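Trainee: Encoded as structure tokens, here's the structure I'll be asking about.
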Amino acid sequence: MARSSHTSKSSASWLKEHFDDRYVQRSWQDGYRSRASYKLLELDAKDALLKPGMTVIDLGAAPGGWSQIAADKVGDKGCVIASDILEMDALAGVTFVQGDFTEMEVLEQILVALEGRRVDLVMSDMAPNMSGMAAIDQPQAMYLVELALDLARQTLSPGGRFLAKVFQGEGFDAYLKELRGSFRKVVTRKPEASRARSREVYLLAEGFHG
């Protein structure tokens, strides 16, 4: 089926932006799997998220940009469990669970992979397939971060942290309030590597208390 000229132009515009992106170019040079690596590096530099020996869950992990950073930071005595609906090439020090995180079976596989360990940091970079229609995309995005928070509540150690990509829009304020009910402190971050036109921000919740 032929695509419309508008779709073709939009795709061409996205590709040009992607290949011109300095973080994309840096990721090739530095050996990182995606430009998203720089978001986590910046957040870690500011908030000291990752330390040797930590147990970390990475949701929405493919192609592995965050897991790559996390595995390096937590070291051999740490543990990184990553999950995504998409395939992800193996990474040393990372246990990967492939599947749809909205399905109970995938959640159970993540819990099994933990082998009884409590988690120090749950990270979610999940996002739905965007249609460009806020009325559809925003509820789907909020549903994913709600599920991520549910997992964090099940697995975090007391005092643990939760980092999630959230899109500003309907449901954002209510979600922020919900986070504040389970954590001592919640801050909003917008990494430099996050595209300026994007509605995405990262909420960092610290001091989990249930």
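Counting begins at 1 with the first residue displayed.
Placement of Cβ uses the backbone N, Cα and C atoms for every residue, glycine included.
Keep in mind that what you see is a predicted model, and the values were worked out from it rather than measured.
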Trainee: Suppose a student reads Swiss-Prot and sees Gly64, Trp66, Asp100, Asp125 listed for S-adenosyl-L-methionine. Which of Asp47, Asp84, Asp137 should they find annotated at that same site?
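Mentor: It is Asp84, as the record lists it for that site.
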Trainee: Which chain-mates of Lys165 (active site, proton acceptor) that are at least 6 residues away have a CB under 8 A from its CB, listed by sequence?
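Mentor: Listed in sequence order: Gly60, Ser124, Asp125, Met126, Ala127, Val145, Glu200, Val201, Tyr202.
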Trainee: For a quick check of understanding: among the binding-site residues Gly64, Trp66, Asp84, Asp100, Asp125, which residue's Cβ has the most other Cβ atoms within 10 Å?
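Mentor: Selected residue: Trp66.
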Trainee: Quick one: largest C-alpha distance among Gly64, Trp66, Asp84, Asp100, Asp125, binding S-adenosyl-L-methionine per the record, in angstrom?
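Mentor: The widest Cα-Cα gap among those binding residues is 19 Å.
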